Structures are given as structure tokens and as C-alpha cells.
Amino acid sequence: MDLGSLISETRNPDTLDLDNLSTLDMVTKLNQQDTTVAGAVSRTLPQVAEAVDSAAATLLAGGRLIYIGAGTSGRLGVLDASECPPTFGIPHGVVIGLIAGGPAALVTSVEGAEDDEGLGISDLQAQNLSANDMVIGLAASGRTPYAIGALRYARQLGCRTAAISCNPHSPLALEAEIAISPLVGPEALTGSTRLKSGTAQKLVLNMISTGAMIKIGKVYQNLMVDMRASNVKLVDRARRMVCEATGCEVAQAESALQQAQYEVKTAILMILTDLTAEQAGQRLAMHGGFLRAALQGHSQQPQAHK
């Protein structure tokens, strides 16, 4: 492939004078470029929605969601995966981020790692990849061998697959069932895909992980009710979520949370149904962990739930 022909590698005619601008004019021009990213992502929403549904189906069936990429793309996948356990209360290892070169590549460049298709395959094999899992390949260019090899292997195993790249009809996209390609255009700094391309990938990853977690019952209304209250800030947030969802006072929220071992969903259900912590936990289990379903039809639901 002629790398110079990739949109992400071409020069941006609007930023040819970056080195000759005042600092304010320079950052203004960079910001103007960034404002185009959300629009580019919006044009991929049908494909993003498809990826959300696929990821949710994978997780509900007991499979894992695995991001794999190199450089900035790989780091973004690791970042998104690492945020899922504290935000949504899922175990570590349910959403996984893999980067070419391993953990060391998060802070330093590992030369040549992205050019090895076999390395992408072996990294997935090390995770005992199975057909129950979903693999999302990440590469701004869409031609990174590490990610392409990984997606090809995942598809051969029968995994659900998706690709996120910022060039149209890329080799990576052709390996995936779902191709998400936000076309952000040439970078402000030629070839520096950590800029608009990285921002676009982050926005898409945000939607995929958040959307999938909503669809598997980790969110009630717009509250992350499976959050782990692991520090002072999050304990306070847990109290506020219980108060906001039920209309109760802080003291009642704190009492319910203590009885529920700081499981927010359980505490909310206890207050709205007068169930004990054990009964509320059982009722949630009967409804697959979906709080709205557990509350459905109960006479004590507040107006917001009707």
C-alpha cells in the first residue's frame, strides 16, 4: 500500500503556516480542526450502533470484548478497557485492551511491533480467544499489520469483529464484520494521528463500551448504578445516586448502602420496594441485574419511573 495516499498521511492545506503563527492563532487553528471530529463520527453512528449491539450480545452470552491495536490506537483501547471495571462494576478481564509490544508500549515506543501480523495473533492466543468473544481492531491508518492479523485470526475462529479506522475502505475494515470509519481528513500536523484520528477513535470507543454496558443492565436512567464505591469520592457519588433515583434523604441512602454493602442498585431497589438487602439482591438476580425491570410495575416507583 502507498502510505502517502492515505488521507491520514496527506498534508492539510489549512494548517501550512502552523510554525509562523502566534501561540493563540496556532491553538485556535488546532481547535478549529478538532471541531470537525464530532461530525465525522456522527456519520458512522449506524455502524457504531451495530457494534454496541454486537458487544452487548457478546457480554450477555459470557464472552469478552477485546480491543487490539498499536501506538495511539492501542493505548486508547487499553484506556477504555481499564475504565470499565470501576465505572460499571464488571470484573477485570471482561473488557481487555491489547497493544502491540505489550504493557511497555503504553509509555515507550516498541519498534517494529506494529508491523508483525503474527504478534497480533499470538497476543490473542495468549488470551485464550474463543468464538464467544468479540475483537475490535484499532488503527487510524487501517493498514497496521498487527491489528489486521489479529482481526483475521478472530474472524477465522468465529468471533464477532469490528474495525475502527480513519481511512475509507481500509484493509483493516475489510477484515471486520462491522467497519467504523470516521473520516476526519488530514491531520493539522501531517501524519500525527494522535490528533483528530485519535480523538475520533476515543469518541467511538466511549460509545461502544458505554452503550454495551447500558444494554447489559449496568445503567439505570443515566446513573452508573453498578459503579464500585472504592474511594471517598465514589462513596459520595453512590449516596447521591441513591438520593437522585429515589428522592430519599442522605441518611436513608447511607443506611441502605451500608446494608447493601454499597451496591447502588440494591440500595435503590430496597428503598423503592421496602425489600431487605437480601430480597432486593434476589429480585435483581431474577431480572438479570436490570434495575428497571426489577422495579417494573411496583407501586412505589417515583414519577420518573412511570
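Glycine residues also receive a Cβ, built from the backbone N, Cα and C atoms like all the rest.
Feature annotations, courtesy of Swiss-Prot:
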type	residues	note
ACT_SITE	Glu83	active site, proton donor
ACT_SITE	Glu114	active site
DOMAIN	55-218	domain 'SIS'
Identify which of the active-site residues Glu83, Glu114 has its Cβ surrounded by the largest number of other Cβ atoms within 10 Å, counting every protein chain shown.
Glu114
Roughly how many Å separate the Cα of the residue listed as 'active site, proton donor' from that of Glu114 (active site), to the nearest whole number?
24
For the domain 'SIS' (55-218), would you mind checking the mean pLDDT of the predicted model?
96
